[in-house]
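Please read the structure below before turning to the comments.
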Amino acid sequence: MTDTDRGTQRDRNSAFYLFSPPSNQIFLSLIFCWSCYGCCVAFYLFTQQNLPACKPVLTPEWVFMTFLFIGFIFIPVGLVTLRASHSVVEIVERYDIGCVPEPFRINKVSYIQDDSIPKNCSLSFKVPKYMKAPIYIYYQLDNYYQNHRRYVKSRSDKQLLHGQNQHGISSCQPVEVNNDRPIIPCGLIAWSLFNDTFTFIRNRAELKVNRKNIAWKSDREHKFGKNVYPFNFQNGTLIGGGKLNPRIPLSDQEDLIVWMRTSALPSFRKLYGRIEKDLDVDDVVVVHLMNNYNTYSFGGKKKLVLSTTSWLGGKNDFLGLAYVFIGSSSVTIAVVFTLLHLLSHRH
Amino acid sequence: MTRGRIRARLRLSHLYTFACTRPEATEEGPHSIEGPGYSRIVHCNQPLMHKKKPFKYRSNYISTTKYNLFTFLPKALYEQFHRVANLYFLSAAIVSVTPLSPFSAVSMIAPLVFVVGLSMAKEALEDWRRFMQDIKVNSRKVKFHKEEGVFDYKSWKKLQVGDVVKVEKDQFFPADLLLLSSSYEDGICYVETMNLDGETNLKVKRALEVTLPLDEDASFKNFTGKIKCEDPNPSLYTFIGNFEYDHEIYALDPSQILLRDSKLRNTAFVYGVVIFTGHDSKVMQNATKSPSKRSRIERKMDYIIYVLFSLLLVISLVSSIGFAVKTKFDMPDWWYLQPQNTDDYYDPRKPVLSGVTHLITALMLYGYLIPISLYVSIEVVKVLQATFINQDIQMYDEETGNPAQARTSNLNEELGQVDTILSDKTGTLTCNQMDFLKCSIAGTAYGMSSSEVELAAAQQMASDLEDQDVERSTDFRQKGKQQEIELETVVISEDEMVHKSPIKGFSFEDSRVMEGNWLNEPNADVIMLFFRILAICHTAVPELNEETGSYTYESESPDEAAFLVAAREFGFEFCKRTQSSVFVRERYSASGQTIEREFKLLNMLEFTSKRKRMTVIVRDEDGQILVLCKGADSIIFDRLSKNGRLYEEDTTRHLNEYGEAGLRTLALAYKRLGESEYSAWNNEFQEAKTTIGPDRDLMLENIAEMMERDLILVGATAVEDKLQKGVPQCIDKLAQAGLKIWVLTGDKVETAINIGYACSLLRQGMKQICITEISSDAKEVVKENILLQMTNASQMIKLERDPHAAFALIIDGKTLAYALEDDVKQQFLVLAVQCASVICCRVSPKQKALVTRLVKEGTGKTTLAIGDGANDVGMIKEADIGVGISGVEGMQAVMASDFSIAQFRFLERLLVVHGHWCYKRIAQMVCYFFYKNIAFGLTLFYFEAFAGFSGQSIYDDWYMLLFNVLLTSLPVISLGVFEQDVSSEVCLQFPAVYQQGPKNLFFDWYKILGWMGNGLYSSLIIFFLNIIIFYDQAFREEGQTASMPALGTTMFTCIIWALNCQIAFTMSHFTWIQHLFIWGSIATWYLFLFVYGRLSPSISGNAYQILVEALAPAPIYWLATLLVTIACNLPYLAHISYQRCFHPLDHHIIQEIKYYKKDVEDQRMWTRERSRARERTMIGFSARVDAKIRQLKGKLQRKQPSSEIHSPARSS
């Protein structure tokens, strides 16, 4: 292969080379940067790996400053956050056991599955601290795998938005059809809708619970159809959770919408409604509830939660503590580091 | 053509004494070639016969491509899926179509297609280049016999077996040819076989006597003949065949065969018949596929991949078992999943089956631990790095126009880990150009100019002394100053020389003998004799350059040409050679006119490597018979007469000086001969010459020996085997960088030692260990002796007390053959490794490769072989990295190499700058990749545990897809492409920084495990902090609780921030590109989230409006991001701060000095750091200077006469 020619040929054919030799490169870049000399220089600097660069060096001063800075940011933020968290008043009442009458406590599952037994129950609690409206009501379920893959997948967004649609409900397995007719809303999630209900009474007067606007606005408007009505729902042999009023379109079934936002963890709270009146200290609130939902078969707990919120949301001490912890360890590092540096004289 | 005519009168073969002593081919009779292996029949001048079987041979079309249009797809795909990782991804992609997949199919297939596609595109591009090269070669033109004695051009690829071709001077042979005749009357021609064996000297080929009349185009009109010969084979030095011509059969031997890819030299034209074409030709048969090389880091990466694979398997198993257990025991209670109504996958009655199917899902889900994008990113990064190497203007050779070229991009980082350099000499360290530099005539030394070595050493010493003298005592400083002045004068004289137009091969500078001034010297007659010997005693042919009117010389060796050029410059211009005479034009004779003198050439006893001398016997115009001889000094000195030793002492001293300066020396001598004396000898000689038989050579030698006796010494010459530009400096820097340099050369021991001195690989005071074989027949005895020598040498090194003592090992090819045998080689290696420099002389290409393999496998360190010729191909292919010198004619080495550079000196930049950078870049990049994928992949696993091991991922499919493709890939690529720990200037100033590579500080298991640990830590922090923060309470003022998409998105935001900040902390060099990529990646994430959330919910699903509606208005989202980002990076930050301040590495210190601009303010400190940061070297200038300084210091302390301290320069 006679390689002189290969050598020269290399130059001539450099168009075939992805990266041609500099002579060509310069020529090419001349064309590229005909009108702009600066660009040419920049390109040259780029190919020579000589672009102006900032080269931060972690000198002891910088280290000290950085850690101190982190500390000085984090500790105040942590304190503010802690304060916000402490301003939140939260009442948690577990009712899953208390609501099963004594005789049925040995076999709670059969109790809950027996439709003939009335499921109503009541609780009462004292408000420990002044609670400013709005007070959010949550139900909390534990050991409930709403994040199980089989469960999460078993829904059809298309059907929820567009309604009667034979297609695209295959994902709803195993709850997609009943008597050869599609179920709306299909899928395990909808089928297992939570159906305990609560009414609140303070001083004999019922506290009004606002159950509107508990779901995300975008969900209501864009993910659940305004013209889609429940159909053939909970009609099968297996009845899961709650039923839906077939005359209300899905976009207004906020319970369902909230329920369909699957939770990330097996222990979760979901918004039930809002009390838009303040509760005073030592107010006694009585809750009448329908204990319909079966958590007994898998040993899940049911809790009722009343909570106010701050700008941070609910009660969340951890965030503030974590901030304070990181901040103070950062300050500690800064101090230790400076001491070490002063003790050893490297320079 | 006219030149050819002049030449045609010469029958050079008559001049040769030894080279052409081969018996005539006809004497031997034809070979009996029968049976297998000898089936080829060539019908000369009847190419049509070869159109059909059984004489249809392969065409002359050559193809070096790996693929063609049809085989590309299957072959390239096969190559791609050869990699375990790719196979894993492929199976994952196949499974992703089934419902087992936790992700959508496109998110698995797209990256795979991208990776494989990119690699295949690269393959295709490389093959395309080869294809274009083939096209070029195939379409070269050659003159062939068309018909009726008319010659015409046709392209090489159309050449057929049996064609008669005419090849002209300096053309390559298009195929393997049978030489028929040449422009010389006796049918010889000169061939340069550099491409085949790397030898630069010309070889003589000669045609059969019978075909000599075929020396004109017309004579081929009716020419026919039949060649019967061996089948195609790769042996370059053998050929067996018969030639049937005019009903007679003649035997053919290799001297009639012109091989493809060798070049016609010094001969106007030759005619030949094509025997082997294309892939049948010997050179093509020799071509071997270069082994695919993989870098150390890449090999180690495989281990890490295995580790990750095991980790993947473990967590997949854990999660499958978990799933099976959950399914069996818990799931029957989970009525909301309708457990009674499930397919096999979730069936509580078949937990084993569901466990096994889950395993597949899990393997895919946690596949993020195995970074598919790592392969893509590395490919991209390496190609870009290679571009930078190709584009580096400081490795661009302006003379030849050749840039450095990374021919394979997968060894970039290996450049940063080289431990031993094995270098060829000729063409690599030296230019193979001889410069006449000095001479010693009649005991007087002439020639003021200094060799490059002396010069560079002088400069280095001058500058070094300047540096040092601050710290030194006053009287020493004076000494230093004095020396400096001396050195400066040398430098100045050199500067003057530069202004003159340089004459190739002549750098002599001395007014005493130039311009005819020698006439005024005391020994003018001896000087004249000296010049005449130069002008007459040679085998070269003059060639008139018609433009300039001066002569150029074509000689077999470059020193001869240098002598002739020198003689011409001195006024003794060799202008003509005829059959019997040599004509010299003497310009500065006593009369002052130019006279053309004729010297009748009586006999020529030419140079062989065994004789080491050459003699001509001439009769001058006065009828005086002169014997002129030149040869190696030791040989000549042995043959001097008693009264011829007048100048011996002075000349010996000069020869030693020259040798020390790295020059090649020859001694010249003569004697006058009486007529009768001559004729008596000549009769004997002629008789011997015509003898036929095995003793002929020996007889000739003895008779020649008789003539070369009782000579009178005239003087000596010193020729500089010109070093390539910058070689000594480069070697010095490389030595400072801690690299070991071995020279493997085909040259003689003496030459190699000279070059060793010239390159500072050897220096005064270095103890040379020469391992030689004793002449003995018994192989065992020889071997035992060599073993003994090695043991003694090792013992000597062990017992050496002086910490500055340095050893050099010199070994020649024959001894090496023993030393490379299995039972000895370990000992040899141990010895060699202890020596500062190793020089292997007279080694064959195969031995070069074997030595390379020995070093590579014996020490387990990275080796780099550098060479320029085809004889280096073996070692280039064998070494971990092969570097070819481009720009010289032969491209074989470049073709076989992984990198090509135009000159040796670019090696410094290639290794110390690019190698160092690439090593660190790739090492950091790979570490970061593992970190990143572990940090991300493990969060998936943790979530699994919270989701009943069901294979649900908390992130949207699109997040996962974009994670590797868009959101974290560009910063890591910018790390891999642009990161510079220190700038290129600093790399060159502190070569010791290079040692980080060979010591593998950035990719050892501590580093890797450290990064993996960091990844584990980050994953824990990211997951659990988020889980706890978003546990179950409302995360907004409006009371909403966090659903899975909200938590997933927040977690993912934290990942993006943490990983990108991590890489920002890893980098130490930010141009706008890095800023753009890092902060841009984070911005892209938000942008993506925004746009994705805006899309219709049927596309975005749960992520619909998530940023705008749910997360952005929630302060807790931002607070969590900040907290997690800082928490993830705090330990790393503390670690690097600690390391930097209390256990800094070299580059940390330099960075800091640069940062404080101390290098500008405090020059002294900068120099001190510089000298401290270089490796303690045994070789190179610096070592030489150090040795010198030690010597001077010692002298001061002891106040002893200097003569005692000067150790003998050389032992050879």
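Each residue, glycine too, has its Cβ placed from N, Cα and C.
Marked as ATP binding site by TrEMBL: B:ASP424, B:LYS425, B:THR426, B:GLU560, B:PHE607, B:LYS630, B:ARG664, B:THR745, B:GLY746, B:ASP747, B:ARG842, B:LYS848, B:ASN871, B:ASP872. When secondary structure is read from DSSP and collapsed to three states, B:THR426 (ATP binding site) falls in the strand class.
Annotated domain 'P-type ATPase N-terminal' per TrEMBL: B:42-109, in sequence order.
Residues or ranges marked as domain 'P-type ATPase C-terminal' in TrEMBL: B:894-1144.
Look at TrEMBL and you will find B:1193-1212 tagged as region 'Disordered'.
Long-range Cβ contacts of the transmembrane segment (B:303-325) within its own chain (Cβ-Cβ under 8 Å, at least 6 residues beyond either end) map to 84-85, 88, 351-352, 354-356, 358-359, 362-363, 366-367, 369-370, 926, 930, 933-934, 938, 941, 944-945, 948-951, 1008. Taken from TrEMBL, the feature transmembrane segment covers B:303-325 (among others).
Summarising the annotation, TrEMBL assigns transmembrane segment to B:356-376 (among others).
What TrEMBL records for B:929-952 (among others) is transmembrane segment.
What TrEMBL records for B:958-978 (among others) is transmembrane segment. Note on the transmembrane segment (B:958-978): residues 103, 106-107, 110-111, 114, 368, 371-373, 376-378, 380-381, 384-385, 388, 921-922, 924-925, 928-929, 932-933, 936, 1048-1049, 1052, 1055-1056, 1059-1060, 1063-1064, 1066-1067, 1069, 1071, 1073-1074, 1077-1078, 1080-1081, 1084-1085, 1088, 1092, 1103 of its chain, located 6 or more positions outside it, place their CB under 8 angstroms from a CB of the stretch.
Listed by sequence, the residues of this chain that lie at least six past the ends of the transmembrane segment (B:1008-1031) yet keep a Cβ under 8 A from its Cβ atoms are 304, 927-928, 930-939, 942-943, 946, 1042, 1046-1047, 1050-1051, 1054-1055, 1058-1059, 1062, 1116, 1120, 1123-1124, 1127-1128, 1131-1132. Look at TrEMBL and you will find B:1008-1031 (among others) tagged as transmembrane segment.
Look at TrEMBL and you will find B:1043-1064 (among others) tagged as transmembrane segment.
Tertiary neighbourhood of the transmembrane segment (B:1076-1095): same-chain residues 958, 962, 966-968, 970-971, 973-974, 1049, 1052-1053, 1056-1057, 1060, 1063-1064, 1103-1109, selected by CB-CB distance under 8 Å and a gap of 6+ residues from either end. Under the heading transmembrane segment, TrEMBL lists B:1076-1095 (among others).
TrEMBL lists B:1115-1134 (among others) with the feature transmembrane segment. Under 8 Å from some Cβ of the transmembrane segment (B:1115-1134) lie the Cβ atoms of residues 935, 1014, 1017-1018, 1021-1022, 1025-1026, 1029-1030, 1035-1036, 1050, 1053-1054, 1057-1058, 1061-1062, 1065, all in the same chain and six or more residues away from its ends.
Through the fold, the transmembrane segment (B:356-376) approaches residues 83, 85-86, 88-89, 92, 95-96, 100-103, 108, 111-112, 114-115, 118-119, 301, 305, 308-309, 311-313, 315-317, 319-320, 323-324, 344-345, 926, 929-930, 932-934, 936-938, 940-941, 944, 949, 951, 953, 960, 963-965, 969 of its own chain, all at least 6 residues removed from its boundaries and within a Cβ separation under 8 Å. B:GLY746 (ATP binding site) carries neither a helix nor a strand DSSP state and counts as coil. Assigned with DSSP, the residues of the domain 'P-type ATPase N-terminal' (B:42-109) fall into helix, strand and coil as follows: 31 helix, 3 strand, 34 coil. Following the DSSP three-state reduction, the secondary structure of B:ARG664 (ATP binding site) is strand. Set side by side, the binding-site residues B:THR426, B:ASN871 differ in how many other CB atoms lie within 10 angstroms of their CB, and the most is found at B:ASN871. Across the annotated binding residues for ATP (B:ASP424, B:LYS425, B:THR426, B:GLU560, B:PHE607, B:LYS630, B:ARG664, B:THR745, B:GLY746, B:ASP747, B:ARG842, B:LYS848, B:ASN871, B:ASP872), the two most widely spaced Cα atoms sit 32 Å apart.
Of all the binding-site residues listed here (B:ARG664, B:ARG842), it is B:ARG842 whose C-beta has the fewest other C-beta atoms within 10 angstroms.
All chains included, 25 other C-beta atoms sit within 10 angstroms of the C-beta of B:GLY746 (ATP binding site).
Ranking the binding-site residues B:ASP424, B:PHE607 by how many Cβ atoms sit within 10 Å of each one's Cβ puts B:ASP424 at the top.
Averaged across the domain 'P-type ATPase C-terminal' (B:894-1144), pLDDT for the predicted model comes to 90.
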